Amino acid sequence: MDYLTFLLVILHVHKALCEEIFWDTAVKFAENMTLECVYPSVSSFTQIEWFKIHGVQKKFIGIFHPAHGVVVREPYDKRLHLLNSTTAPNKVILSFYNASEADVGTYSCLFNVFPRGSWEKKIRVVQSDSFEAAAPLNCHVVSESGKNVTLTFQLQVDWPVQQVTWEKIQPHQIDLLTCCNLSQGRSYTSKYPRQILSNCSQDIRRSSILILNTTAWDSGLYRCRFTAHSGENETFVAKLTIIDGKTDNQYSLFVAGGTVLLLFVVVIVTIFVIACNRRRRRQKGIPFKESWDTKSKAVNNYRSPISATQPMEDAREDIYVNYPTFSRRPKPRV
Ligand SMILES: *[C@@H]1O[C@H](CO)[C@@H](O)[C@H](O)[C@H]1NC(C)=O
Ligand SMILES: *[C@@H]1O[C@H](CO)[C@@H](O)[C@H](O)[C@H]1NC(C)=O
Ligand SMILES: *[C@@H]1O[C@H](CO)[C@@H](O)[C@H](O)[C@H]1NC(C)=O
Ligand SMILES: *[C@@H]1O[C@H](CO)[C@@H](O)[C@H](O)[C@H]1NC(C)=O
Ligand SMILES: *[C@@H]1O[C@H](CO)[C@@H](O)[C@H](O)[C@H]1NC(C)=O
Ligand SMILES: *[C@@H]1O[C@H](CO)[C@@H](O)[C@H](O)[C@H]1NC(C)=O
Ligand SMILES: *[C@@H]1O[C@H](CO)[C@@H](O)[C@H](O)[C@H]1NC(C)=O
Ligand SMILES: *[C@@H]1O[C@H](CO)[C@@H](O)[C@H](O)[C@H]1NC(C)=O
């Protein structure tokens with residue numbers, strides 16, 4: 001008998017992995033809001049059910065069956081639609097169009113997948129200000145799409161870490177990415193639609209996540225929280241910006257074009273200024289042979305190494321060629 005009790009206790013403890021996080025996604029309450037579930041692979045579903053969770057009870061909202069269609073139960077049919085996605089066959093959406101405060105709470109989508117069994121995601125609807133406002137930034141990471149990105153945080157204080165969680169934060173939504181209970185050395189399997197790799201090992205004051213093959217969709221705020229046995233916690237927030245490789249090329253092309261244009265303008269202005277100066281000097285009748293000689297020497301010094309050592313730089317060559325041919329013209333007149 002005692003042995004059985006012990007077994008039950010063990011079972012209960014095992015169920016307690018990251019238990020206080022009883023949701024996978026938190027969504028900000030709004031009159032029009034959408035709750036999404038994406039099954040991590042494309043499989044054949046027998047059916048997908050939606051529930052609202054009240055303590056240990058589940059209240060049925062509706063069901064989607066690929067062959068038989070959609071059924072939504074009574075009070076809910078007046079304030080929400082149950083949709084399947086046209087873009088992804090493994091995605092279902094609960095779309096409220098007239099939600100009231102009574103709709104705050106926790107929802108569950110339950111996929112029945114043949115032959116794997118069931119898969120459940122819990123979504124919590126909370127009344128809140130923008131989630132991003134409560135996340136002061138620690139650093140900003142910029143990367144290009146298609147690259148792998150690792151975000152790492154090192155805990156400074158010296159208390160024993162019990163749990164590490166990573167979340168992605170958007171103004172209207174928080175997604176749990178990983179939750180690692182260090183005393184168990186195990187991670188909670190996230191219901192986030194992207195695969196996020198992370199380590200969950202005994203001795204860590206440092207935690208990192210690896211996002212493979214990033215796209216612009218991965219941009220946003222990532223929050224890491226270390227929690228101690230005593231309940232103390234320390235959070236870090238990184239902003240990740242993924243820029244499109246193509247945009248980057250266009251940008252450098254734009255910069256290069258701008259530089260050439262600027263050089264061109266500088267050359268024109270220089271020529272114009274020299275021409276004006278010369279005319280003014282001629283009008284004043286001041287002899288400028290001396291100054292011309294030094295200038296001519298300077299030009300020659302400058303030009304010869306370019307033509308001798310870098311004959312390939314056509315653009316630069318053109319620019320300097322303009323200067324001497326123009327300024328040499330009046331030489332015979334002097
Ligand atoms: C982590 O696991 C330990 C041992 O199983 C458990 O006692 C503890 O409650 C868990 N911590 C959290 C935050 O879930
Ligand atoms: C919700 O959507 C309906 C129709 O789509 C629209 O009339 C209404 O203004 C929206 N409400 C809010 C708060 O955006
Ligand atoms: C969405 O559901 C309808 C039936 O309600 C079905 O005809 C359609 O093929 C489904 N679309 C996808 C992408 O599964
Ligand atoms: C929204 O719900 C309220 C009551 O909760 C109702 O009076 C109103 O007609 C509903 N609006 C729509 C567009 O269904
Ligand atoms: C990203 O990581 C994967 C797996 O570790 C590797 O196969 C791939 O080459 C990496 N991609 C880049 C751009 O580094
Ligand atoms: C996890 O740990 C292994 C070995 O220590 C390391 O090679 C790998 O890069 C780590 N992964 C992450 C995401 O930190
Ligand atoms: C990376 O993502 C892009 C776009 O989502 C996709 O076309 C490409 O095949 C992916 N590459 C790898 C190695 O997964
Ligand atoms: C983290 O600690 C702060 C106080 O430092 C507390 O207000 C907050 O509720 C804690 N958060 C969690 C998730 O334990």
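Placement of Cβ uses the backbone N, Cα and C atoms for every residue, glycine included.
Annotations in TrEMBL come from automatic prediction, not curation.
Model, not experiment: these values are computed from the prediction.
Taken from TrEMBL as is:
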- 1-18: signal peptide (SIGNAL)
- 31-109: domain 'Ig-like' (DOMAIN)
- 115-241: domain 'Ig-like' (DOMAIN)
- 251-275: transmembrane segment (TRANSMEM)
Secondary structure tally of the domain 'Ig-like' (115-241) (DSSP, helix then strand then coil): 7 helix, 71 strand, 49 coil
DSSP-assigned states of the domain 'Ig-like' (31-109) in counts, ordered helix, strand, coil: 8 helix, 46 strand, 25 coil
Within the predicted model, mean pLDDT of the domain 'Ig-like' (31-109): 90
